[in-house]
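Heads up: the structure comes next, in structure tokens.
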Amino acid sequence: GPISSILVNRYGSRPVVIFGGLLCGIGMVSAAFCTSILQLYICVGFITGFGLALNLQPSVIIIGKYFLKRRPIANGLAMAGSPVMLCTLAPLNQFLFDNFGWRGSFLILGAILLNCCVAGALFRPIGAATASVKTQAIEEGKETPKEEVTKDAMEMRSPRNVPMETEVEEEEGKDCCEKINQYLDFSLFKHRGFLIYLIGNVLMFLGFFAPIVFLAPYAKHIGIDEYSAAFLLSILAIVDMIARPTTGIIANSKWVRPRIQYFFSFSIAFNGACHLLCPLASGYTGLVVYSIFFGLAFGMVCAMLFETLMDLVGAARFTSAVGLVTIAECCTILLGPPIGGTLIDTFGDYKYMFIKCGAVMVLAGTFLFIMNYYNYRMLAKEEKERKAKEEDPKSVRTENEGRNNWNKETIRDGPELEPLREEREGLKKEVNGT
């Protein structure tokens, strides 16, 4: 996740997706020639897994660059691609295995995944291109070299009693920090809304994926045949496919969009409530009803998972935010299903796993709801204080006095610095013009 964010910040979405598609295809095609499980771990697990990671984040990031007004709908429609493939993947795999064997299946799946490169080629980058403008400084009809003007401006800005060596060291340290923040913006950990989102999601993922893993085994555990148990996942995927774009449309409405964090909190709590009620489903009909509601809740959360983060941090910082969130979430995503399996082994019953997942998700939804309410209140208070400060004549007068004092000090420097001051002003105007 963070590697993907760094690469997107450095090279853009298009080359990262094309490179990810190549890795996916190479990994799956290489798996067709494997002779041991360790080789499959490397080809399918590592190479293809890394390629898929490089595909996911740029696909989400570029939505924020293309859309603003209808971004929730765009996110919902884009996220709907995942359940569409989930509905068809199981029968497709079975068909390929029956007709071509496992080696031929890997070859065909590798060819399918190479289409990610085609999709990546369509990721047209947008935005104003950085134009290279030639900088000139003209004084009394003479052209001064750019390096000299910059040097003079730096000398005017720096205090006279500070050695140049110290200045260079400070600039180098500043450049190092800027380079780090250029690829991953760690200042997001000071962002109140981002921290609320991060804590809530880390808690939520402890119970988010485990019910999907154990749904079919639970159905077989209570005496349902294997085909009907597998069909529950197809029902979940079909409802999920409809729920994601529908959620995007609702989230984009004028009543929900300004307070979309509340809607996201409700979706998580609703997901948890479904898991808490699952043990009451004694037969196949009850599990079908559970799968329908679970698919609805799952689709709602997935449709808004990235939209709410973008709403909090903005499109400009979204790339770094996704990478940092991935670092924190990966532990709970990996721990959720094993903890559920441990509960099943310990008590010999699946209901404790569903109760654990439901309780964790209800707790996460409640936490996000309360903290987002606090965040909205604080944002409104800060905005009110800012407006009051802007309208306060005393603060305006203080700012004007400070500006006048600075002008007086500048005049007091004497006429010998006048040519240098003019060069600095010329450079400032050219920078502003650029």
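Just so you know, glycine gets a Cβ as well, placed from its N, Cα and C.
The feature domain 'Major facilitator superfamily (MFS) profile' is assigned by TrEMBL to 1-376. Here TrEMBL flags 16-38, 44-64, 76-96, 102-123, 194-215, 227-243, 263-282, 288-306, 318-340, 352-374 as transmembrane segment. The compositional bias 'Basic and acidic residues' feature in TrEMBL is assigned to 384-402, 409-434. The annotation region 'Disordered' is assigned in TrEMBL to 384-434.
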**Request:** Verify whether three or more Cβ pairs under 8 angstroms connect the transmembrane segment (76-96) with the transmembrane segment (227-243), leaving out any pair fewer than 6 apart in sequence.
**Result:** yes
**Prompt:** Looking at the stretches 16-38, 76-96, 194-215, 263-282, 352-374, which one shares the most CB pairs under 8 Å with the transmembrane segment (288-306)?
**Reply:** 263-282
**Message:** I'm checking region-level scores; what's the whole-number mean pLDDT for the domain 'Major facilitator superfamily (MFS) profile' (1-376)?
**Reply:** 79
